[in-house]
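Listed features, source TrEMBL:
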TRANSMEM  55-73  transmembrane segment
TRANSMEM  112-131  transmembrane segment
TRANSMEM  196-215  transmembrane segment
TRANSMEM  221-241  transmembrane segment
TRANSMEM  337-358  transmembrane segment
TRANSMEM  378-399  transmembrane segment
TRANSMEM  419-440  transmembrane segment
TRANSMEM  460-480  transmembrane segment
TRANSMEM  501-523  transmembrane segment
TRANSMEM  543-563  transmembrane segment
Amino acid sequence: MEMEKKKKEESLDIDEEKWVYDSSVDYKGRVPRRASTGTWKASIFIIFIEFAERLSYFGLATSLIIYLTKVIHLDIKTAAKNVNYWIGVTTLMPLLGGFLADAYLGRFSTVFFSSIVYILGLLFLTMSQVVPSLKPCDTGSCHKQLNVHELFFFLSIYLISIGTGGHKPSLESFGADQFDDDDAKERRLKMSFFNWWNFGLCSGLLFGVTVIVYVQEHVSWAAADITLTAVMVSSLVIFCIGRPFYRYRKAPGSPLTPIVQALVAAVAKRNLPYPDTPDQLYEVSKSDKTQGRLLYHTEKLRFLDKAAILEDNENSAEKKQSPWRLATVTKVEETKLIINMFPIWLTSLPFGICVAQSSTFFVKQGTTLDRKIIHDFIIPPASIYGLTAIGMIIAVVTYEKLLVPYLRWLTGNERGIEILQRIGIGMVFSVITMVVAALIERKRLGLVEKNPVNGSLSMSVFWLAPQFLISGIGDGFTLVGMQEYFYDQVPDSMRSLGIAFYLSVTGAANFLSSLLITIVDVLSEKGGKSWFGKDLNESRLDYFYWIIAAITAVNLCVYVFVARRYSYKNVQRTVAVADCRNGDLVVSNMA
């Protein structure tokens with residue numbers, strides 16, 4: 001009997017290594033094979049598609065302020081606001097796309113259909129450059145034609161925003177889904193995934209702000225748009241080729257409904273006394289896998305625990321209770337996770353305001369400086385943004401290959417350091433970025449004061465390198481940390497929406513940046529002269545940068561206070577055990 005039991009356990013271990021029991025399925029709807037699906041064999045396709053999409057996005061985003069000022073002839077203040085509005089919409093749209101992916105469409109389908117919308121936007125953008133009646137006007141005499149171009153141009157880029165809204169949160173969460181959280185090896189690989197995901201992202205950014213921007217500057221905007229369209233079409237084809245290797249998760253319905261149900265149940269039972277011990281709170285059976293992974297009870301936000309209190313009439317018929325009246329401990333804890341995220345989200349916004357300056361004023365500064373390298377080769381102003389990607393790549397590779405192994409040994413934490421600590425380190429770099437940017441802009445304005453005509457042209461564009469590099473290093477800590485945080489700490493059913501929460505930080509921060517520009521513009525104008533003139537030489541961006549540095553420094557103190565009191569998601573890990581009565585595989589929870 002003992003020998004037979006041992007054989008069954010050995011057989012079970014082999015079975016567990018062969019199949020993935022994390023509620024995912026393969027492309028035919030079956031339990032996935034561990035050897036032929038998921039991990040790097042699947043995520044390499046997904047990282048390449050992120051490379052292609054970011055190449056397209058940053059090829060547009062970093063040169064957008066140049067296009068608006070040089071082609072559409074907007075003043076610097078209006079152009080910066082338009083860039084902030086577009087980036088804001090583009091990074092807030094994922095809230096809708098992530099919800100649809102988690103609730104109804106599934107992540108693969110959402111990426112597929114949003115890619116088609118994205119490509120449609122790029123096709124329209126190409127048409128705005130090649131169709132004679134839609135092309136921009138080279139002179140100031142054809143106002144009607146120019147207005148038609150503006151209308152079609154903005155329609156195109158906002159179609160791209162819609163496409164990004166579904167593409168970005170779904171693709172990243174779909175990539176992370178390729179790793180099994182309940183397998184120690186794959187869980188550690190998932191931590192590396194976010195670092196290499198951002199390596200692919202930065203590589204796409206680097207090509208976008210060098211190759212694509214060079215084509216825009218020295219060939220034509222039309223040629224660049226055609227290239228971007230071809231790249232996105234190719235990425236969609238590659239995405240479909242990888243279909244047999246992916247692991248898929250079915251959309252379970254609205255992930256927000258259980259959260260609302262727990263809140264309603266807690267309010268309905270607000271007058272009930274707390275039970276003597278948390279063990280008396282309602283939870284499903286550990287063998288009920290329809291509920292997904294179970295969470296441990298925590299002491300914070302105890303008011304919500306009342307949603308899981310069993311009333312006298314519920315003890316015998318608890319399964320028949322309405323979910324609007326009785327919630328499980330896991331659902332209550334998931335509600336706590338969402339509530340606890342809001343302070344982290346809010347204290348991340350000033351960091352996003354710093355990031356917003358890189359694609360607007362930092363790039364515009366480059367147009368006033370000497371961009372010549374050798375002979376007659378001149379760097380396009382948007383290409384200097386590539387230093388941000390280089391800084392981020394340096395930070396990510398250094399963190400992944402050097403810091404994490406040492407920190408794991410030092411702290412015993414499989415991540416090296418906690419996620420919120422990583423985010424905080426990047427916030428320190430954001431303060432340094434704005435201080436350096438203010439000092440360098442003050443030096444540039446000093447040269448302009450001495451020689452109003454050619455003063456800043458005597459200053460190399462590489463004076464901007466420190467602020468871009470430091471910004472990129474900060475991104476390597478904070479942005480990667482935020483991706484991992486918002487994916488990992490949301491309920492399992494909300495992971496696309498979790499990535500959307502991360503992206504919405506940048507979106508909301510861009511709108512706040514525009515609001516800050518408006519407030520500073522009005523207040524400084526009342527003081528005598530606006531800090532935002534018709535061009536940079538008549539502006540005082542150094543003062544504006546000092547304000548952002550001060551806001552970010554004060555916010556960092558608030559963030560540290562909030563982060564030190566944060567409770568991380570505490571999952572009951574699953575292991576496989578044998579049912580000795582029939583030899584079937586049963587998955588149960590353990591601490």
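Glycine is treated like the rest: Cβ placed from N, Cα and C.
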Is the transmembrane segment (55-73) in contact with the transmembrane segment (460-480), using three or more Cβ pairs under 8 angstroms as the rule and ignoring pairs under 6 apart in sequence?
no
Contact set, same chain, for the transmembrane segment (55-73): CB under 8 Å, 6 or more residues outside the stretch:
79-80, 82-83, 86-87, 90, 118, 122, 125, 136, 140, 146, 149-150, 153, 157, 160, 164, 204-205, 207-209, 212-213, 216, 221, 224, 228, 231-232, 359-360, 363-364, 367, 380-382, 385
Please work out which recorded stretch in 221-241, 337-358, 378-399, 419-440 has the most C-beta pairs separated by under 8 angstroms from the transmembrane segment (501-523)?
337-358
Taking residues 6+ outside the transmembrane segment (221-241), which of them lie with a CB under 8 Å of any CB in it?
45-46, 48-49, 52-53, 55-56, 59-60, 67, 71, 111-112, 115-116, 118-119, 122-123, 125-126, 129-130, 212-213, 215
Please report, as numbers and ranges, the same-chain residues at least 6 past the borders of the transmembrane segment (112-131) whose CB is under 8 Å from any CB of it.
53, 56, 60, 97, 105, 149, 152-153, 155-167, 170, 220-222, 225-226, 228-229, 232-233, 235-236, 239-240
Looking at the stretches 196-215, 337-358, 419-440, which one shares the most CB pairs under 8 Å with the transmembrane segment (378-399)?
196-215
